[in-house]
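Here's what TrEMBL has on this protein:
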| type | residues | note |
| --- | --- | --- |
| ACT_SITE | Lys12 | active site |
| DOMAIN | 67-144 | domain 'GHMP kinase N-terminal' |
| BINDING | Pro95, Met96, Gly97, Gly98, Gly99, Leu100, Gly101, Gly102, Gly103, Ser104, Ser105 | ATP binding site |
| ACT_SITE | Asp137 | active site |
| DOMAIN | 206-256 | domain 'GHMP kinase C-terminal' |
Amino acid sequence: MNAPLTLPAPAKLNRMLHIVGRRDDGYHLLQTLFQFIDLCDQLTLTPRSDGEIHLISEVSGVSHDDNLVVRAARLLQTHSGTPLGATLKIEKQLPMGGGLGGGSSNAATALVGLNHLWQLNLPLVELARLGLRLGADVPVFVHGHSAWAEGVGEQLTKVMLDTPWFVVIHPGISVSTPSVFQDPQLTRDSRPITMARALKGGAPEWRNDCEAVVKERYPPIAEAFHWLAQHAPSRLTGTGACLFATFETQQTAQATAQLAEQYWPTWVARGLNTSPLHAALGF
Ligand SMILES: C[C@@](CO)(OP(=O)(O)O)[C@H](O)COP(=O)(O)OP(=O)(O)OC[C@H]1O[C@@H](n2ccc(N)nc2=O)[C@H](O)[C@@H]1O
Ligand SMILES: Nc1ncnc2c1ncn2[C@@H]1O[C@H](COP(=O)(O)OP(=O)(O)O)[C@@H](O)[C@H]1O
């Protein structure tokens, strides 16, 4: 009963992201392709019989009760009525505010992992619905498959994408998602496309509508783009700050990463169609 369970919380990339409108509540309507990469935080979950939720590792700048894993655990407790609690530990590798979805992924791993540990047997679709209350990106991490997403990112269709090697660069600053969405210059009227077109269109259709305002407002990001674009076509993930480029082989990705490392934190990661979280749980 008290055995700890260690599970991965992977990063995601938005291979493309178009903004096609805005809801009455201010949230933006997106069309995006989500893909996981094999770059992960690790969460260790240990069940407790006293019903308490304790996070025993610090995430810098985030208070205990605001941490998305604590919020996810409490939400699942209330929703299910379980008398059980958990001790939670996060080993962070993913940069915060990097557009890699680390916080959302941590929350999803807490929901899926505690559902398993507490033996609640809730279906993924129910966990995804709960997760949406914590962030627009949580559902895709709960479902654990590459996806075409519409709405605010919650209407998901499973897809298979190519799985290249990525060089991911963090330009050393974090970008606040709300500030990008509040920017008056943001492109909000891209013409909606069908999923089939997005998948068939490939690279030419694959742009990120946040890129122009992010480059304009954050010169270090524009600088990193300028550098990476000399090596391979580059794109922003989510609202940034990270950018990525695709490579056919690990060697070519590594060669570029070695050069980039002189200036910025850089990772080489493989694209995945199934989340390592699901692989770890044998889904
Ligand atoms: C746009 C994406 C693409 O993956 O960017 P990243 O955060 O990953 O960079 C995500 O959907 C972000 O999801 P997430 O980071 O969970 O955002 P949330 O916490 O739900 O929203 C933060 C704030 O961003 C704005 N927001 C977010 C999502 C959306 N579709 N429209 C918005 O206008 C809202 O002002 C909201 O209050
Ligand atoms: N466990 C967590 N890990 C990362 N960020 C968290 C966590 N819990 C709450 N947050 C908050 O969520 C914000 C967004 O984090 P993150 O998901 O890493 O960025 P992004 O959505 O840009 O990928 C952070 O700046 C932080 O304030």
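Each residue, glycine too, has its Cβ placed from N, Cα and C.
Feature annotations (TrEMBL) mapped to structure.
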residue : record           : Cβ neighbours (10 Å)
Lys12   : active site      : 27
Pro95   : ATP binding site : 20
Gly97   : ATP binding site : 19
Gly99   : ATP binding site : 30
Gly101  : ATP binding site : 27
Gly103  : ATP binding site : 23
Ser105  : ATP binding site : 29
Asp137  : active site      : 28
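Screening the recorded positions Lys12, Gly97, Gly101, Ser105 for a C-beta under 6 A from any atom of ligand 1 leaves Gly101.
Checked against ligand 2, the recorded positions Lys12, Gly97, Gly103, Ser105 give Gly97, Gly103 in sequence order as having a Cβ less than 6 Å away from one of its atoms. In three-state terms derived from DSSP, Gly97 (ATP binding site) belongs to neither a helical nor a strand segment and is classed as coil. It is 13 Å from the Cα atom of Asp137 (active site) to that of Gly97 (ATP binding site). Here Gly103 (ATP binding site) is positioned 11 angstrom away from Lys12 (active site), judged by their C-alpha atoms. One way to see the shell of the ATP site is to take the Cβ centroid of Pro95, Met96, Gly97, Gly98, Gly99, Leu100, Gly101, Gly102, Gly103, Ser104, Ser105; the remaining same-chain residues with a Cβ within 8 Å of it are Ala11, Leu94, Gly238. Under the three-state DSSP scheme, Gly103 (ATP binding site) falls in the helix class.
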